[in-house]
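This report refers to the structure that appears directly beneath it.
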């Protein structure tokens with residue numbers, strides 16, 4: 001293997017540099033700046049949602065772009081902070097002092113390590129255990145929780161956003177008398193403008209403007225405004241807040257406050273921290289106590305991050321992408337990010353869509369986004385303090401309301417009502433107890449149904465007659481495998497068939513059965529002996545050779561077999577004549 005091959009194997013992104021032209025660079029630059037204008041306000045907002053100071057959202061927005069450019073395989077994917085991971089991180093950042101960033105950064109490191117372990121063990125297929133209804137229920141519930149958590153910022157109420165749906169709603173309704181008119185008006189107008197600008201890109205100019213050049217100019221302008229709507233609204237509201245708060249003694253808006261400028265320090269994540277208890281006393285926490293606090297999040301958060309990133313990669317890059325390579329890119333983005341004070345990150349569907357619409361050609365576009373974020377940290381951070389919190393809340397709310405997927409309910413109701421149950425369990429329990437517990441219960445409900453189907457296979461029972469008048473009972477399992485939980489069910493089904501239809505030869509149609517386990521084979525042996533005592537022959541029809549071998553080795557019984565339905569009548573006649 002040559003040195004170049006080793007380089008491509010360690011850093012697959014180097015392949016993008018082969019034949020990289022000036023046109024590619026310009027296209028990636030435009031896409032990178034466009035995504036950067038989207039991630040700047042989102043990063044600030046998601047850091048606030050996670051219970052951190054705003055600069056941590058920007059710290060989380062630049063490392064992933066560089067790492068993914070070197071290791072990723074889908075040019076459209078952008079790695080950075082997301083509303084969902086910010087919400088899950090917020091469960092561990094409310095202990096006061098410097099514990100919030102310490103917990104978020106440690107969770108980022110652990111998430112990366114878990115994702116790397118999944119890549120090494122090729123466990124990306126674990127995300128296949130999460131069905132579409134469960135995913136819909138989970139994302140819809142988190143959208144509701146995220147949206148309600150921003151009501152305080154939208155209404156100008158004091159206090160953190162929180163991630164507890166019930167307590168948040170109780171707090172909001174209990175403090176409606178303290179709503180600040182300025183923040184509420186600004187937030188409501190911002191949401192309205194954001195939604196209108198989102199629809200602006202759907203405007204068609206065909207027939208309204210005759211000049212092709214004018215059409216292209218107007219369409220381009222509309223696209224830029226619609227795509228950069230978050231940055232535009234944040235910019236306008238910040239200018240408004242700056243001019244208003246400079247002239248008035250009391251500011252009508254709650255502002256973001258001072259944002260630390262400059263690049264994050266390159267440092268090892270802290271493995272100990274200090275928190276405040278309910279009495280305001282400082283308490284030191286060691287590494288073991290921090291791990292105990294993070295608990296299930298150390299496993300569930302990486303799985304959710306992998307689920308989102310793989311889904312985005314498949315959506316834009318097709319099914320040919322390597323999940324393992326995506327896992328490695330995502331894991332290294334989190335591990336490297338943890339040394340730059342990042343909170344957990346994953347692929348963002350909204351920003352990836354912007355990247356795709358901007359005409360990005362290679363993942364190097366993420367490097368341009370990272371440079372823009374770094375420039376903002378160095379040059380624009382002092383001006384971020386004038387961003388109204390109501391505007392950031394409006395950015396989050398207008399983004400997450402489209403995560404609520406009502407449109408899935410109707411086809412599910414028509415096609416598979418059973419699948420609505422795991423989705424409903426996930427949605428309701430995520431709101432009532434928490435998103436981690438809700439997801440686990442939803443997956444548990446799905447797995448329980450799969451186990452139930454394996455333990456209770458559908459049996460088609462028919463009493464038939466050959467052309468010569470010989471009666472027999474045909475048992476046809478509708479599942480491809482018979483495992484140990486199903487043995488007693490099959491035996492009971494055959495007994496009930498004999499009771500209902502009377503004594504007759506039993507034919508077990510194995511044409512759709514491809515697998516037996518040892519316990520099921522032994523159970524079939526016991527059934528054959530019971531039927532033999534009652535002078536009821538048992539035949540296996542269209543059984544594959546592997547199944548016959550398993551039954552023979554497990555029971556030492558030569559089961560009578562019928563190779564095909566065409567041989568059924570002659571074998572039954574021979575059996576009946578010999579009895």
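The backbone N, Cα and C atoms fix where each Cβ goes, glycine too.
Note: the domain 'STAS' (480-552) comprises 42 helix, 12 strand, 19 coil (DSSP; helix = H, G, I, strand = E, B). Per TrEMBL, the feature domain 'STAS' maps to 480-552.
The transmembrane segment feature in TrEMBL is assigned to 25-44 (among others). Counting only same-chain residues 6+ beyond the ends of the transmembrane segment (25-44), those with a CB under 8 A from a CB of the stretch are 54, 57-58, 60-61, 65, 78, 80-81, 224, 227-228, 230-231, 233-234, 256, 259, 348, 350-351, 354-355, 358-362, 364-369, 371-373, 376, 384, 387, 392, 395, 399.
TrEMBL lists 56-74 (among others) with the feature transmembrane segment. Listed as Cβ neighbours of the transmembrane segment (56-74) (distance under 8 Å, sequence separation of 6 or more from its ends, same chain) are residues 11-14, 16, 32, 39-40, 42-48, 50, 80-81, 101, 104, 108, 264, 312-313, 316-317, 321-322, 325-326, 328-330, 332-333, 336-337, 340-345, 362-367, 369-371, 373-374, 376-377.
According to TrEMBL, the feature transmembrane segment maps to 95-114 (among others). Only residues 6 or more beyond the boundaries of the transmembrane segment (95-114), in the same chain, are considered here, and those with a CB under 8 A from a CB of the stretch are 50-53, 56, 60, 89, 269-271, 273-276, 282, 285, 290, 293-294, 297-299, 301-302, 305, 330-338, 341-345.
Residues or ranges marked as transmembrane segment in TrEMBL: 126-148 (among others). Sequence-distant contacts of the transmembrane segment (126-148) (same chain, six or more residues past either end, CB-CB distance under 8 Å): 49, 83-84, 87, 118, 163, 165, 168-169, 172, 303-304, 306-307, 310, 396-397, 400-401, 403-405, 408, 412, 419-420, 422-428, 430-431, 435, 438-439, 442-443, 445-447.
Residues 153-157, 225-226, 229-230, 232-233, 237, 240, 252-254, 388-391, 393-395, 397-398 of the same chain sit 6 or more residues outside the transmembrane segment (179-197) yet have a Cβ under 8 Å from a Cβ within it. The transmembrane segment annotation in TrEMBL covers 179-197 (among others).
What TrEMBL records for 217-242 (among others) is transmembrane segment. Residues 34, 37-38, 40-42, 44, 186, 190, 193-194, 197-198, 200-201, 203, 205, 209, 251, 253, 255, 354, 357-358, 383-384, 386-388, 390-392, 394-395, 399 of the same chain sit 6 or more residues outside the transmembrane segment (217-242) yet have a Cβ under 8 Å from a Cβ within it.
What TrEMBL records for 299-321 (among others) is transmembrane segment.
Under the heading transmembrane segment, TrEMBL lists 327-345 (among others). Counting residues 6+ beyond its ends, the transmembrane segment (327-345) has Cβ neighbours under 8 Å at 47, 50, 52, 56-57, 59-60, 62-64, 67-68, 71-73, 79-82, 85-86, 88-89, 101, 104-109, 111-116, 118-119, 124, 264-269, 301, 305-306, 309-310 in the same chain.
Sequence annotations record features per position, and here TrEMBL assigns transmembrane segment to 366-384 (among others).
The transmembrane segment feature in TrEMBL is assigned to 390-408 (among others).
Summarising the annotation, TrEMBL assigns transmembrane segment to 420-452 (among others).
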